[in-house]
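Features of the protein shown, as given by TrEMBL:
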type	residues	note
TRANSMEM	45-65	transmembrane segment
TRANSMEM	85-105	transmembrane segment
TRANSMEM	401-425	transmembrane segment
TRANSMEM	450-472	transmembrane segment
TRANSMEM	493-515	transmembrane segment
Amino acid sequence: MDTATTLRTASVAESLPSDDGALTNSVILRNAQRLKRLSPLNFSILRWNLLWLFVILVFISLPVWLRYASQSCHATFYTISSVLLWLNLVWFLAIIFTISTLIQLKYGMSTDHKQTYPSDAPLIHLLILTIYKDEMDVVCRTVDTLAEQTEAKRILLVMAWESRTPDREARTELIRQRYGDKFYHILFPVHPYGLENEVASKAANANWGLREAVTFIMGDEERKKKIEHFMVTTCDADTLFHARYFEALTADYLRRVREKDPNVHRTIWQAPLFYNWNLDQNSFPVRITGLLRTLMTMGLLIPYNVNPMSCFSFSLTLAVRGGYWHPQIFMDDVGYLLTMMIGTQRRIRIRLLPVPVRSGPTSGDTWFSDVKEWYIQVRRWGIGTADNFHYFAVKIPRLPILASTIFSIGYFLYYGVILCSGSLINVSSAFFPLMCSDFRLEWLPKPLEAYHILILIGLIIPQVLYGILFILDAVWCRWTLNVKEDIFILRNILHWILTPLTLIALSLVQLWSYIVLAALGKRACIHRVAGKATLAQVDSRA
């Protein structure tokens with residue numbers, strides 16, 4: 001690769017044969033090495049995320065403006081009630097899907113998947129581990145779980161460094177000495193800093209690292225002859241894999257291939273993410289947010305095919321079709337899904353991989369620093385959410401109509417309504433009794449009032465559902481993760497009581513992040529490594 005060209009260019013997708021069988025090794029190699037100039041970044045504040053912010057504000061204030069727009073307290077009451085009931089239904093179904101997923105995980109963890117495919121199956125896993133300033137103790141814990149895989153010798157570990165990573169040479173030597181004989185091979189690509197029109201992000205680093213790995217694999221004739229299938233897995237530096245992760249992935253992928261599944265190269269495999277990595281040592285906002293994200297992954301993101309999250313897997317064919325990662329994307333997971341939809345011109349399927357993965361929650365050295373790191377992380381999530389909406393809106397002309405319509409509905413309902421607006425519309429619903437003080441429901445027996453109904457469906461029922469979340473946490477810690485957490489029952493009760501306040505705070509931080517992005521535009525998309533102060537500590541096991 002020409003150095004002078006590399007420093008001023010970055011990678012985008014190119015025209016490829018429509019038939020997956022025509023994606024020969026030479027085509028894949030040529031595509032991985034080919035770099036094209038990216039369009040300049042749009043730093044204007046007149047971007048599509050302004051529409052996202054406007055719609056969110058309109059929805060949050062619905063109970064207030066609808067009263068005056070409709071001039072009807074009945075219409076306002078039944079609309080608010082319908083929205084709150086729908087949110088309760090979403091939570092209830094998420095719990096049902098989570099219970100179903102936990103049962104599937106129990107089966108997936110106990111199954112010997114290697115019995116379903118030959119031991120000499122010609123398949124290699126490319127594991128892209130992007131690293132910037134991450135603590136090496138945490139990185140090594142992640143690599144330890146990779147070395148313990150039942151199919152570790154099928155893993156080509158790509159330690160994708162950023163060029164600005166401190167002590168990079170010493171870190172490389174540590175990994176090489178400690179794990180040199182554990183995997184199929186280890187690569188150490190270095191993503192150059194300052195590539196033209198790139199955003200400093202995990203997506204840009206992963207894009208570079210995967211292309212370097214493909215060049216390494218396809219550049220050797222003997223290696224190409226022995227390997228027919230390539231799978232790609234991306235994860236954060238704080239990820240603990242179940243020992244059968246790659247075994248289960250290999251089995252399911254090869255099963256799809258044998259059955260000639262037409263969607264095998266239009267699929268992203270997502271394992272449920274659990275944040276119970278010393279989570280009992282975190283402040284209540286971090287712990288509650290971690291439990292919520294676990295529930296939402298198992299209960300909404302995977303079943304409803306919304307988007308992958310943090311750690312996921314896919315075929316190299318899909319990666320090539322989508323142009324790997326777009327290096328101008330701030331959040332890699334949702335952005336990857338969108339680029340794959342553009343490349344394949346189809347909707348991408350999210351498929352459950354029935355083994356658990358633990359991901360590290362943000363953490364600080366003190367309670368207040370813990371909350372600060374939580375705020376920074378939630379703010380970054382919010383900016384990424386709105387920025388991805390802009391990317392989606394810009395790319396709509398290149399997306400298939402049905403796939404883009406389904407994605408936009410799911411994306412808005414999940415990120416815009418459930419995560420950001422749900423708890424805030426509960427708050428704004430409290431204004432209804434003030435605006436309609438004389439409103440009565442004929443069918444409601446006295447002395448009950450209409451606002452009692454709103455209290456029931458807006459406060460009491462959600463609180464009961466939050467309680468089930470904490471029960472499920474105890475179940476998956478013992479049954480799925482084999483983790484023993486030091487959580488006294490009174491502390492659990494306190495966290496349960498504080499859950500509504502935490503969700504309100506979470507929504508407010510996300511709303512604030514949308515405002516920041518509206519004011520600063522793309523300049524707000526600055527990646528800061530989250531604090532992980534407690535992750536290097538040894539966590540207890542049952």
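In case you wondered, yes, glycine gets a Cβ from its N, Cα and C as well.
Curation does not apply to TrEMBL; its annotations are automatic.
Quantities reported herein were computed from a predicted structural model and do not represent experimental measurements.
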**Fill in**
Lying 6 or more residues past either end of the transmembrane segment (45-65) yet within Cβ distance under 8 Å of it, the residues of that chain are 76, 79-80, 83, 386-387, 389-390, 392-394, 412, 416-417, 420-421, 424-425, 428-429, 431-432, 435, 511, 514-515, 517-522
**Message:** I need to check the long-range neighbours of the transmembrane segment (493-515): which residues 6 or more away from its ends have a CB within less than 8 Å of a CB in the stretch?
**Reply:** 49, 52-53, 56, 60, 284-285, 287-289, 292, 375, 378-383, 385-386, 419-424, 426-427, 459, 462-463, 466-467, 469-470, 524
**Item:** Residues from the same chain, set at least six apart from the ends of the transmembrane segment (85-105), whose C-beta lies under 8 A from its own
**Value:** 272, 295-296, 298-300, 302-303, 352, 354-356, 417-418, 422, 425, 457, 461-462, 465, 468-469, 472, 475-476, 479-480
**Prompt:** Is the transmembrane segment (401-425) packed against any residues at least 6 beyond its ends, judged by a Cβ distance under 8 Å, and which are they?
**Reply:** 52, 55-56, 59-60, 62-63, 80, 83-84, 87, 90, 296, 300-301, 304-307, 334, 337-338, 341, 345-347, 382, 385, 389, 392, 500, 503-504, 506-508, 510-511, 514
